[in-house]
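If you look up TrEMBL, you'll see 56-74, 80-101, 113-131, 137-158, 170-189, 209-228, 235-255, 275-295, 316-344, 374-395 marked as transmembrane segment.
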Amino acid sequence: MLRKKRISYNKPCEELECIPTTLTTSKAFKTLFALDKQVTRNIRSSHIETRPVDSNGLWCCALIPAILISYSVAYKVSPLYKLVAFLGFGLLCYSILFSLFLYMSTLILYSKLNAGCIVSMLLSTVPIYVYTDFGLAMALVFSVLAVYPYSMLLKLALVQCPRTFTVGEAMIMCQSVVLFIVTGVAIYYTEFVTPELLAKDNEMTFIAIYVYTVLSTVGLIVTALYFLQDEDKNLKVLGIIFAFGAVFALTVLHLCLGKTCLPDFVYYIIGSQVRLHLFTMWSVLVVLTVLVLMYHTEAGDKATTSARKAYHILGALVFLTGILNDVPFMVLASGISAGIIILLEALRLSRIEPISAALQAAFDIYCDEKDCGVLAMTPIYLYFGLACPLALVPWRGSKMELELMSGVLATGIGDTAASWFGHRYGVNYWPGSSRTMEGTAFNVGLQMVAVYFLHLFEWLDAPHWVVRTGVAAAVSALVEAQTQQVD
C-alpha cells in the first residue's frame with residue numbers, strides 16, 4: 001500500500017486572493033480565475049486535498065494535445081502520430097468538460113461513466129476516422145481505450161494521492177500515461193494487423209520494443225508491490241517478483257526480436273564508438289551521482305536549492321550530449337531510465353526494508369516544499385521535462401534538434417539560471433509571484449547564449465534559431481515566473 005508522508009509546506013492564501021494583477025486586467029483571465037476559485041471551493045468542501053498552491057492550473061490540460069495537433073498540422077507525420085494527436089484532442093475535450101463539472105460539483109469524481117466521457121470519445125473518433133485509415137471500428141476502440149482509462153486515472157490521482165497534484169498537474173500526468181500506453185497498443189496493432197500504416201524504421205522499431213517491454217515490466221512489478229500484504233513485504237518476495245518480471249521481459253523480447261534479443265542489445269551499444277563513449281560517460285556520471293547522494297544521506301545535510309539545481313545541470317548534460325550525437329540511442333536510454341526512476345519510487349513506498357528506508361533517507365535530504373504528498377513527483381517532473389520532447393517531436397533529421405532540446409533549454413538551463421540568478425541578484429518581483437524579473441531575464445538570455453554557442457561551433461543546425469529560441473525562451477520564462485504549477 002502507498003504510504004503517506006507529510007512534510008512542511010508553504011501555506012496557500014486562504015481566500016485565494018493573491019492573483020497577479022498583470023493578469024486580472026483581462027476579462028477572459030477574470031473568468032478563468034473565477035472558474036478556478038470555484039473549483040477550489042468545491043474540492044475543499046469534498047475534503048479532497050490537492051497540492052497546496054493558489055491555482056489549480058486547469059490550463060495545463062491543453063499543453064500536450066496542443067503540441068501533438070500542431071505538429072500534425074505543420075508536418076507530414078505518420079498515421080500513428082495522427083492517431084495519438086486526435087486521441088490527445090479527445091483527452092483535452094474530456095479535461096475541459098471535467099473542469100466544468102468540477103465547477104458545479106465534485107460528483108464527477110465518484111462516477112464511473114458520464115456524458116463527458118461519451119462526448120469526448122465521439123469527438124476523438126470522428127477525426128481519427130476522417131483523417132486516418134484506421135477505420136470507424138478501430139477509431140472508436142482507440143478512443144474508448146484512451147478516454148475512459150484517462151477519466152478513471154484522473155479521479156484516482158486526485159482522490160487517492162492527497163497533496164500530490166494540482167488538478168492541472170494530474171491532468172497532464174494522466175494524459176502522458178494514457179497516451180503512452182495507447183501508443184504501445186497501436187504500435188503492436190499496426191505491426192501485426194495493418195503494417196502498411198506503420199513507418200518502416202528497423203532501428204526505431206527495435207528501440208520501441210525495448211522501451212515498451214521495460215516499462216510494461218516495471219508496470220507489472222509496481223502493481224505487484226501495490227497489492228502486497230504487510231506480511232509479504234520482505235526481500236525474498238521482492239526477489240520472486242523481480243524474477244517473474246525478468247521472465248516476462250525476456251519472453252516478450254524473444255517473441256518480438258528472436259533468440260538474439262540480448263546479444264543484439266549489447267551489440268547496439270558497443271557496435272558504435274559514439275554510443276560506447278556516450279554510455280561510458282553517462283555511467284561515470286551515474287556512479288558519481290550515487291556517491292554524492294550516499295555522502296549527503298549519511299551526513300544528514302538537508303540539500304539547498306543550489307544543490308538540487310545541480311541535478312538539473314547534470315540531467316541537461318546527459319540529454320544534450322545524447323541529442324546532439326545520437327537521438328535514437330538517447331530515446332532508448334531515456335525510456336529505460338524512466339522505468340528505473342518509477343521503480344525506485346515504488347520501492348520507496350513499498351515498505352520493504354532495508355531498501356525503502358535507504359531510499360526514504362535520500363528523499364528526505366533532497367525533497368522540497370512541493371513534495372508534500374504521497375508521491376515524490378519533483379524528480380519525476382524534472383526527468384520527464386527533459387525527456388518528453390523525444391516522445392512529442394516527430395523526428396525528421398537534424399533540423400529538429402532544437403525542438404528536441406527544448407526540455408534541456410527550458411528545464412536544465414533556463415530554470416536553473418532563473419533560480420540561481422534571481423536568488424542572488426533579483427530585487428524586482430513579478431506581481432503576486434516569488435520570482436524576480438532579473439531571474440526571468442537571465443533565464444531567456446542564457447537559453448539564447450547556449451543555442452548561440454551550439455550553433456557557432458556547428459554542433460546544432462537550426463534554421464532561424466534566433467527567432468525560434470527567443471520566442472520559446474521568452475514564453476517558457478514568463479510561464480515559469482507566473483505559474484504555481486511545478487515548472
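Note that Cβ sites are derived from N, Cα and C of the backbone, with glycine treated the same way.
Each of 137-158, 209-228, 235-255, 275-295, 374-395 was scored by its Cβ pairs under 8 Å to the transmembrane segment (56-74), and the highest score goes to 374-395. Ranking 80-101, 170-189, 209-228, 235-255, 374-395 by CB pairs under 8 A with the transmembrane segment (137-158) puts 170-189 at the top.
Among residues of the same chain six or more beyond the transmembrane segment (209-228), those with a C-beta under 8 A of the stretch's C-beta atoms are 1-2, 180, 184, 187, 237, 241-242, 244-246, 248-249, 252-253, 256-257, 265, 331-332, 335-336, 338-340, 342-343, 346-347, 349-350, 352.
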